[in-house]
Structure formats: C-alpha cells, structure tokens
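Trainee: The following feature annotations were taken from TrEMBL:
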DOMAIN    60-491  domain 'Major facilitator superfamily (MFS) profile'
TRANSMEM  53-73  transmembrane segment
TRANSMEM  116-135  transmembrane segment
TRANSMEM  147-165  transmembrane segment
TRANSMEM  171-193  transmembrane segment
TRANSMEM  205-223  transmembrane segment
TRANSMEM  235-257  transmembrane segment
TRANSMEM  319-343  transmembrane segment
TRANSMEM  355-377  transmembrane segment
TRANSMEM  398-419  transmembrane segment
TRANSMEM  439-461  transmembrane segment
TRANSMEM  468-487  transmembrane segment
Amino acid sequence: LLSPIISLLIGNRFSVESRTLRVLRRQTALSQAMAGGGFVSSSAGGTEFEAKITPIVIMSCIMAATGGLMFGYDVGVSGGVTSMPAFLEKFFPVVARKTQDPTLNNSNYCKYDNQGLQLFTSSLYLAGLTATFFASYTTRTLGRRPTMLIAGLFFIAGVVLNAAAQDLAMLIVGRILLGCGVGFANQAVPLFLSEIAPTRIRGALNILFQLNVTIGILFANLINYGTAKIKGGWGWRLSLGLAGVPAVLLTLGALLVSETPNSLIERGRLDEGKAVLRKIRGTDKIEPEFLELVEASRIAKEVKHPFRNLLKRKNRPPLVISIALQIFQQCTGINAIMFYAPVLFNTVGFGSDASLYSAVITGAVNVLSTVVSIYSVDRLGRRKLLLEAGVQMLLSQGFAVLVVIMVCTFVSAFAWSWGPLGWLIPSETFPLETRSAGQSVTVCVNLLFTFVIAQAFLSMLCHFKFGIFLFFSGWVAVMSVFVFFLVPETKNVPIEEMTDKVWAQHWLWKRFVEEDGDVEMEGRVGVNGKGNGSNGVDYSS
C-alpha cells in the first residue's frame, strides 16, 4: 500500500543519465547495423547484436560443458554400484543381507531402505550445497574459468578416494569432495555458457551442460552394466574410478577456454574483455554489445553486497522463478529415478541384470530427448517445452504400472524441459550485479532438494509403495500451473536486457520491477536534478 506513495515522494529511481546511455547504446546498434551489414531483431523482443557462430565459441562451450558430464556420471554411477552385491557386502552388510533374504519377498519395497546407503548418495549434494557459496565468491572475483578449474581438481581428488575406498568413512569423504566439485561446476558452467553464447543460440549452447549430464548418466549405466559382471567383486571400484575421465576433461577444458567478456569487464579488464568479445563474435562490429556489457558492469560494481541486493524487490522475479524451478525440478521425481533406477527396477520385480539394462534404456532416452531440447529450445521457447512436458510427465506417473515404458516416457519429457531449462532460465535472467549470487542460490536450492530426495526416496518407497508415483504426480500438476501463469518466455532476448524486455512486460512481475527501479540508482537523481518525466521526455525505449 505504501509503495505508490513512496514512489511519488522519491520519484522514479531510473536516472536520466542511465536512460540516456541506454538510448545512445541502442541508437549505436541500429546505426552500425544499417551502415555495416549487422542486424537488429525487432521480433524477438530485444536487440540482436551482430555475432557469428564461431568455432571458438562452440569448442569453448563443449569443453566447459564437460562439467555436466562429471555431474551426470556421479548421478548415474551411485545407483548402479549400490545394487552390486560386492559393494553392499563391503560397505552396507545389513542391506546385503536384506536383499538376499528370501523371506522378504513380500516387502520388496523396503529391502533397500537404509539411511547409510542413502547417505552415500546424498552426501555429494549436501557438500555441493555448502560449496556453492564459496563458488559464488570465486566466480565473481576470480572468474568463471578459474572456478571450473577448482571444480576439476575437487573431482579428481574425490575420484581417487572413492576408487581406493577401504571403509565407509573414506567412501563418504570421497563423495564429499565430489560434491564440492559439483557445487563449483554447477555455479560456473551455466554462467559461462550463457555469457559466451550468441543470443540467438544461447539456449541450445547452454543446454550442452544438461546434454553432458545425460551422457554422463548413460555412460555410468553402461559401465555399471559391464562392471557388474566382473568376477572378484572389484567391479564397483572400476565404476567409481572411471569418473576420473570426465574430471580430467573438465580440468583440461578449464585451462584451454577463454574467460567470458562479461567476467573480464566486470573485474575491470576492459581491453581484454573487448578483445575476447571480438574473438568469440567473429566480427569487429562489437561496440553496441561491448557498451551494454560495460554499462551492466558499472551497475554491478556499485553493488557491494550482492546477496543482500538479491532480496530487493527488483530482483524478486528472477529469484522466485529460479528457486521455484529448482524445487519443482527435484519434485518431478527425476533424480529419484536416476539415482536409484537399478534399485527401483529391481524392487518392482526385474532381475539384477535386467534392472541395470533397463537403467541403460532410460539413460539413452534421456540423452536423445535432451538433443530434442537443444534443437527446439530457441525455436519453440522455454514455456512451451515446460508446459508440454508437464502433461506428458503427469500421464507417465499416473500409468507407472507399465514401468519401463512409462519411465522412459517420463524421462524424455523431463530431458527436453525441466532438466535443461531448470538450469538455463536462472543463468540467463539475473542482471550482472546479482548473477553470481543468484546462480549460487539456484545451485544451493537445487542441491538442497536433491539431497532431500536422495536421502528420503528409498524410505518413501518403502512406506508409499506405488503411491510414490502419485506423490510426484501431484507436484507435476502444481509446477505446470506455476509455469503457465508465472514463467515468462526468454528466448532470443539479450542476457543484459532481461529486466526491460522480460520482467517489465510480465503481467505480475512488472509490478516489482516498475515500483523498485534500478538498484544502482538508489538515492541518486538524474543529471538535471529531477526525476524521470520532469522534462517531458520519455527515455523508456
């Protein structure tokens, strides 16, 4: 109720100086496009800066996205090794006895219900949750590239401990180190991909991260299927040790890729940022985009406490959307299926080999469906994929008695929607001054709810039995309604224009953006000493 009164008293907090710079920037872009063969897109809702799809951008994105390969491998490998008898006998003998006891045939749903076993899986995500706050600092102060390098080193250390584990404590410490790697990688990689990609293919390149996650899961399932047949009971060591391959790839990739121009400019290295921007765009006509990055950086530097600023009214739309997407992503039940696919299939009556084989099938569907998302995300947009997937997942959960077919149908829907878009949308919607903090909150919430699901799923399966699918179905219905009313479309909108072109145009979120104004202009007035509108000029365009 007080907001309109306060707005009248202090005036619009967008300064004339800031708005004039925006006008000049867009006029420069238009003039350059007309004079030099560049292009400006008026149909997509934002300025389309001139940019070629250069080999260096493609290679950089592929190398960076190997962080997803490591994450996916860690997700997929845990379910496979926890269904291997030799692994269970060494670390979880109680569970091993339950799985081999014929008197428990009537209680298949409960034979894997063990908090220690669930902790093996979930400890990775609890560690990642904690690490993401440190990763936010390194991403902002050191850059995206060094943060990916730190992630790679954590991954390598965790792999060594896991493959050589002699007791449960050593195994858990290894998982914690892997979790730290996940926290740093999931903080830096989506930001890197969104910032380095040209606007018109930003969605497709960003989804390379999720594609690598799905490929990692598939590889883990294939490797588990093979190592489970190794005589001598050491197959699980090979499964855990082969995680070193994506860990080394990420480390090498972090050494080879260029830092993003956004990060370089944010840290005051303007000449270097401009050179990198020219290199990755493949053109000399980069001045309009460079000016926009410099302006975003100027705003970011005035923010001394990004996490505190994240709570300001202006930043609530992307914050609410990001948190909700992460909660809903986990409440689809996808990670419960991916973590424990062999266990789940074994529970509903498949043999050990058939369980692993079925997990391989769902992993393959996951990869193929993510490729569908790469093709369609910048054509159909984010909202259509999310809404279609809601219907598909709801039907799949409801008819889960046809286990493998319905799980594959469910996984395919998730893989081209909530899987990649849950990471894409947060990474492209926060303004530069709160982007690292916003991504940190995004990763934190994701890992928190991943931990909760991983820790609770087997116990829920024991108590709910087939009702577990009804539980997740309810969440799918809720999240689809949320997307329909509250998630705006962001395809083809330049990353630094999200506030003006997305949030300010939404029926609900525009109230937050319009009433709060620009954060960098707190307590300041325009160059003429008056608020906006005092000279009768509209600078909003």
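Cβ coordinates come from backbone N, Cα and C, glycine included.
If you look at the structure here, what lies around each of the features I listed?
Mentor: Beyond its flanks by at least six residues, the transmembrane segment (319-343) meets 75-76, 78-80, 82-83, 112, 121, 217, 221, 224, 310-311, 352, 355-356, 358-359, 362-363, 366, 393, 397, 407, 410-411, 414, 418-419, 421-422, 425-426, 429-430, 438, 441-442, 445-446, 449-450, 452-454, 457-458, 468-469, 471-472, 475-476, 478-479, 482, 486-487 of its own chain at Cβ-Cβ distances under 8 Å.
Taking Cβ pairs closer than 8 Å, the transmembrane segment (439-461) reaches residues 109-110, 112-115, 117-119, 121-122, 125-126, 128-129, 132-133, 135-136, 139, 179, 182-183, 186-187, 190-191, 307, 310, 319, 322-323, 325-327, 329-331, 333, 335-336, 339-340, 343-344, 347, 422-423, 426-427, 430, 468, 471 in its own chain, all 6 or more past its ends.
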Trainee: Suppose I define contact as three or more CB-CB distances under 8 A, residues 6 or more apart in sequence; do the transmembrane segment (171-193) and the transmembrane segment (468-487) meet it?
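Mentor: No, these stretches are not in contact.
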Trainee: Using a cut-off of under 8 Å between C-beta atoms, tell me which stretch among 53-73, 205-223, 235-257, 398-419, 468-487 contacts the transmembrane segment (147-165) the most.
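Mentor: By the under-8 Å Cβ criterion, the transmembrane segment (147-165) pairs most with 235-257.
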Trainee: Does the transmembrane segment (398-419) come near the transmembrane segment (205-223), with 3+ Cβ pairs under 8 Å (pairs 6 or more apart)?
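Mentor: Between the transmembrane segment (205-223) and the transmembrane segment (398-419), which are separate recorded stretches, there is contact, as judged by 3 or more close Cβ pairs.
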Trainee: What else in the chain is close to the transmembrane segment (53-73), if you only count residues 6 or more beyond its ends and a Cβ gap under 8 Å?
Mentor: 148, 151-152, 155, 181-182, 185-186, 188-189, 192-193, 196-198, 201, 205, 208-220, 242-243, 246-247, 249-250, 252-254, 256-258, 279-282
Trainee: Would you kindly check 116-135, 205-223, 468-487 and say which stretch has the most C-beta pairs under 8 angstroms to the transmembrane segment (235-257)?
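Mentor: The stretch with the most contacts is 205-223.
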Trainee: Tally Cβ pairs under 8 Å between the transmembrane segment (355-377) and each listed stretch (116-135, 205-223, 468-487), then give the stretch with the top tally.
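Mentor: Going through each listed stretch, the top one turns out to be 205-223.
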Trainee: Against which stretches of its own chain does the transmembrane segment (116-135) lie, if we need a Cβ under 8 Å and a gap of at least six residues from its ends?
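Mentor: Sequence-remote neighbours of the transmembrane segment (116-135) are 74, 78-79, 82, 88, 91-92, 95, 147, 150-151, 154, 168, 171-172, 175-184, 186-188, 339-340, 440, 443-444, 447-448, 450-451, 454-459.
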Trainee: Quickly jot the same-chain residues contacting the transmembrane segment (205-223) by Cβ under 8 Å, restricted to those at least six beyond its ends, or write none.
Mentor: 57-58, 61-62, 64-77, 80, 189-190, 193-194, 196-197, 238-239, 242, 246, 338, 341, 356, 359-360, 362-364, 366-367, 369-371, 373-374, 377, 415, 419-420, 423-424, 427-428
